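Student: Have a look at the structure that comes next, please.
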Amino acid sequence: MDLHRAPWKSSAAAAVLLLALFSGAAASSVEKNLAACLRDNDYDQLLQTVQDGLPHINTSNHVVIVGAGVAGLTAAKLLQDAGHRVTIVEANSRIGGRVETYRNKEEGWYADLGAMRIPSDHSIFRWFAKTLGVKLNPFIMDDHNTFYFVNGLLKRTYTVEANPDILNYKVRSSEKGKSANTLFQDALQKVKDEVEAHGCRAALMKYDKYSAKEYLKEVAGLSSEALRMIGDLLNEQSLMYTALSEMIYDQADVNDNVQYDEVTGGTDLFPRAFLSVLDVPILLNSKVQRIRRSRDGVTVSFKESQRSSLTDLHADMVLVTTTAKAALYMDFEPSLSIRKMEALRAVHYDSSTKIILTFSSRFWEEDGIRGGKSITDRPSRYIYYPSHTFPANSSVGVLLASYTWSDDSLLLQAASDEELKEMALRDLVKIHGERVRALCTGVVVKKWSLDPYSFGAFALFTPYQHLEYAKELFRSEGRVHFAGEHTAFPHAWMESAMKSAIRAATNINKQTLLNEGMNECPAPDEL
């Protein structure tokens, strides 16, 4: 589950998308110009807000936050500290949302089923982690001793890095000798040229209509084999139909040139750390079914798991931090605007599946592997080796034996856990040998498309959705505000959820101060 963006006023219709995806700043090179387009111009301001806190209010103001994920917890902390009375309502039996860690306390190991890594430039997340006492350790993204198993060929990563042609993709002569990432970066030259010549907004207006595949094939002119190479080796094959901008974000944040950390002991320790600084009610097992607005406030009606009747909570404002799809299961009275409902319905959510296999030993260490990933064009796709061990169990091996997205993930939805275990083992045997089969002791599977609280893994825009829906997803409607990773960029990251929460909390606080008569002019939504 990073972008850096400036406040965009609701009146700035022309900025509809500059929203964050492309919001420009001059830089010293073409590459830096494109990088600048991917950053929030208000990032420093957001970081300053969490460090300094929001201006304190003078009157009692009750805010109900729907959802106890990272966005909800972040907003709760800011609003609580500013003097608001906060209540969090969460449908699940736990906090954290898509930060979920499976823990086998009996055997002394854990596995992150959702968010698992933090890029080095996610300063807002890292500030909270430090403040909350959450420890981080390096997440090893790349290990040269891992493997590629594609086109029926098994090769060590270091041999592929030395000679990409060894994988036998039938690329054109002009494409030979280039890695998948080099091919992709070269293909972006027309986007970079557009940014340098006309700015970020012009580039967005011109290229938001393209899917990744359409751009790479029709504009950049890559061969079909180069496309297949990029899809296989950058884990983008199943994402070729999504917006070009999403692929640019993805490769900017998930690549071997970015440094990462992970939460020591499991990512769920991060949301759990908020409990030590929050003094607000958190109502678990409480599913919001209706949000009713009036001139005097809002009424949030939720159903507790053990009760048939609804319970009403009266508040001054509500902040909805669920996924866009989960929000569709709530009744809003009066109805949300047509544009808001269209955005919630239409925004594309990706699928993601993780298959965790446990072993009686860490067999990959015999191959000289610590951390990193092996890549295959078989159903497992990406295999991640752990960057940590377990103090309570020095022998157990816990492997993310398959990490898939989009259509690669959808392929796995109908299979049982046991079937997925056998599928992942078959692929591992082809890479590490038959010996691993006898070492396997168990399986844990997480299919985010089947999660009854998120209804998907994370937002991932298709062509035109940046221009059509990005601003609308964040926009408040009266006393009802919205936040979550789907309302910020880049999608899927914990910090993006936090950035949206800071913006929403700031807007709620400004609206409260306005009602106190401290400001003369209405404060529009800031994104």
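Cβ coordinates come from backbone N, Cα and C, glycine included.
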Student: From the disulfide entries in Swiss-Prot, identify which of CYS37, CYS440 pairs with CYS200.
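Tutor: Its disulfide partner, as Swiss-Prot records it, is CYS37.
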Student: Roughly how many Å lie between the Cα atoms of ASN58 (N-linked glycosylation site) and TRP493 (FAD binding site), rounded to a whole value?
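Tutor: Answer for this pair: 34 Å between alpha carbons.
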Student: When you rank VAL70, ALA91, ALA115, CYS200 by Cα distance to ALA492 (substrate binding site), which of the recorded positions ends up on top as the closest?
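Tutor: Checking each of VAL70, ALA91, ALA115, CYS200 against ALA492 (substrate binding site), the shortest Cα distance is to ALA115.
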Student: Radius 10 Å, atoms counted are CB only; among the binding-site residues TYR403, TRP493, which position scores highest?
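Tutor: Its Cβ has the most other Cβ atoms within 10 Å: TRP493.
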Student: Inside 10 Å of the Cβ of ASN58 (N-linked glycosylation site), count up the other Cβ atoms and send me the figure.
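Tutor: ASN58 (N-linked glycosylation site) is surrounded by 11 other Cβ atoms within 10 Å.
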Student: Could you round the CA separation between TYR403 (substrate binding site) and ALA115 (FAD binding site) to a whole angstrom and send it over?
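Tutor: Computed Cα spacing between TYR403 (substrate binding site) and ALA115 (FAD binding site) is 12 Å.
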Student: Tell me, which recorded positions from CYS37, CYS200, ASN393 are within 10 Å of TRP493 (FAD binding site) if we use the C-alpha atoms?
Tutor: none
